[in-house]
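Taking it in order: structure first as structure tokens, then the write-up.
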Amino acid sequence: MALLISGFCLLTVTERVTKAKHIQFLSGVYVPVYWLSALLWDFIIFFITCCLLLGVFKFCQLDIYITDYHFLDTLLIFMLYGWSAIPLMYLLSFLFTRSTSAYIKLVLFNYLSGIFSLLIDATIRFEVQHKMSKATRDFILNLLLLFPNYNLAKCIDDYFTFYQIKKWCSGNKPPVYLNCSKENTAKNVYSLGEKMIGKYMIIMSITGFICLFLLFFLDTTLWKLRTFLSQYVYFGIYKTFKKEKVSKELSGESDDEDVQNERQRILEQPQELPNSAVLIKELIKIYFKYPVILAVKNISVIVQKGECFGLLGFNGAGKTTTFKILTGEETITSGDVFLEQFSITKRLQKVKSRVGYCPQTEALLEYMTGREIMIMYARLWGIAEPQIQLYVNRWLNSMQLELHADKLISTYSGGTKRRLSTAIALMGNTSVILLDEPSTGMDPGARRLLWNAVTWTRERGKAVIITSHRMEECDAFCTRLAIMVQGKFVCLGSPQHLKNKFGNIYILKIKVKTDTQEDKLNDLKFFITLTFPGSVLKNENQEILNYYIPRKDNSWGKVFGILEEAKEQFNLEDYAISQITLEQVFLIFANSENTEEKKKK
Ligand SMILES: Nc1ncnc2c1ncn2[C@@H]1O[C@H](COP(=O)(O)OP(=O)(O)OP(=O)(O)O)[C@@H](O)[C@H]1O
């Protein structure tokens, strides 16, 4: 029983840790539906196993549990045990982050709690009965009722004893030490008296309800409780003791004009901005651990319908935390987020059902095939049954997953899993799509498919928010983007706007002919430095020189003209002048972040 019952924690741990459970909640699954459907399925498995066990009882001639319809009683005992123990396993599974260690530890828990509770029971009843007060004895015995394994063992034991006594008493020569009075043998085994099983069965029934209630509580009300604690208790204390840090780092003021304008626009307007899909208003997220981490430092932004918003930043900038808040996985410390005018702090369920989410790690159920999981999500999104095949095929096709559709997900490569996760995020009937580094591990072909799918989704009026470390990707399909540094937005605008704003330099690439003498090369370098004051030689390799040239006082025409003349003079094979790339804008902030870090140290 310990081996069987502990096995029911395996899926719940895996689905919670991989976030598959979270994605199911986002796809519209209600918390009670999730747990009750899991319980129903596990209960069916448990029922079948118990029927087999009854077969074993029969084979081993344990007739008391089988004959005269007693197998129904035995089955009822087993079922009540399943009703109490399976939800308890679900509840305990929250303590673990790995399914295998959860299984091993819960097997030990079930095994030992069964054995030791019986030993304690026997010791108290027979050995030390007279050495302790009745109140203490009752207290310990009542405490043992918390363990379903103890209740099961007691039911099985007392049931056997009751009918064995009945059997002996109805025989010709009952043993003299037995109390075979009518009063004793005519009792109902389900009554609440001593040596009867009624009490244990009632406790098992109640345990099941309590565990289910706690499960629903953990997945619903606990979030509200954590939000309350975070917003009013921890943050309140933090503000009292770190006034200066809060006013300096969490004020939301920005040196950047665009970031400041966006914030001002949001603060001045009513919450219900008509066309906005996502409205992030003065969002602060602090992880109250040791040391305290200010992950998101008062950011405000609006993402409109039909917009693809890129959230860029270095590792640890706070992008994933922002996504987790948008999907209701993490609580808000201060501020609010509105999805289609529904506040996440007040209407979490409404918000959740509007988000398609591709998390940073794969939230896939690996024991299913790609097609099966997509059919499952299509059903969860409420696609009509006759259209499901067509719908799923279309999304499989959009990410070119047809070849892998009928293979187990556990056999997929990293890039294929990523494609499947993205397809799942995009396929729902949502208004906001959050893609956390969707192209990680994808080959160039798959990346192009992703871009097409995202563009198509955006054009259908959905808002897409994407994080990526690939600048060319964001440049290609983000309508607007923000760069996040240490939890704050440092710039905001369309890719072109940012390149214009921060690109006060040209990139000049010069390739000299292979037979160019050293002296000639030095002359060229001297010429560039003299002609374009403030130019910087960024790097030089294999006859290629890379320069940053200030835009001030240097128009495109002027630079081209000078280089055309220099081509002959300095034996140049070729040259190219380009505008700064998004990646270089990003690196400007990387340098400023490093400088700030050094200053702090
Ligand atoms: N559960 C957590 N508990 C404590 N700190 C956390 C937790 N999750 C994230 N952090 C911290 O919050 C900060 C922001 O992390 P986050 O994962 O949001 O960054 P990111 O921008 O998504 O980084 P990456 O590009 O590496 O994914 C980091 O300093 C991180 O250490």
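Using N, Cα and C of the backbone, Cβ positions are placed for all residues, glycine too.
Taken straight from TrEMBL:
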type	residues	note
TRANSMEM	36-57	transmembrane segment
TRANSMEM	69-96	transmembrane segment
TRANSMEM	102-124	transmembrane segment
TRANSMEM	200-218	transmembrane segment
DOMAIN	278-511	domain 'ABC transporter'
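Put simply, of 36-57, 69-96, 102-124, the stretch with the most CB pairs closer than 8 A to the transmembrane segment (200-218) is 69-96. Within the same chain, residues 4-5, 8, 11-12, 65-66, 71, 74-75, 78-79, 82-83, 86-87, 90, 212 sit at least 6 positions outside the transmembrane segment (36-57) and bring their C-beta atoms closer than 8 Å to a C-beta of that stretch. Mean predicted confidence for the domain 'ABC transporter' (278-511): the pLDDT average there is 89.
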